[in-house]
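Heads up: the structure comes next, in structure tokens.
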Amino acid sequence: MQRTMLKSKLHRVTATHADLHYEGSCAIDEDLLEAANIKEYEQIDIWNVNNGERFTTYAIRAERGSGVISVNGSAARRAAPGDILIIATFAVYNEVELAKHEPDLIYVDTQNRIVRRGHKIPVQAAA
């Protein structure tokens, strides 16, 4: 059996740009791409915490160390500078691969600088 699982997550990054007229995609600081194991042109899902929008595009590199998260092309209508975003990738794993699988979880500050890395999401406590 194969399962589609979370591969990478950039948690609560801040959109720095929204460029309607740039060729589609989402430009992501190269440091963040490497930390999250996201390849250039890889499909990404973006979830906008501010407005609830969810959309799919692909990643391109932004200047290393810049903190840039630029939502481009038609997707720019779904995010504005200052919006909080979650960027995720998924991959298909077989049962053998699943036994060793841990997603790359990257947490950032308000300037999109890495503050923590992880591989597990804590169990959510009952309210």
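Quick reminder: no glycine exception, Cβ is built from N, Cα and C everywhere.
Among the candidates Thr57, Thr89, the residue that Swiss-Prot names alongside Gly73, Ser74, Ala75 for the substrate site is Thr57. Sitting within 8 Å of the Cβ centre of Thr57, Gly73, Ser74, Ala75, and not among those site residues for substrate, are the Cβ atoms of Gly24, Ser25, Cys26, Phe55, Val71, Asn72, Ala76, Arg77, Arg78. Of all the recorded positions listed (Ser25, Thr57, Ser74), Ser74 has the fewest other CB atoms within 10 A of its CB.
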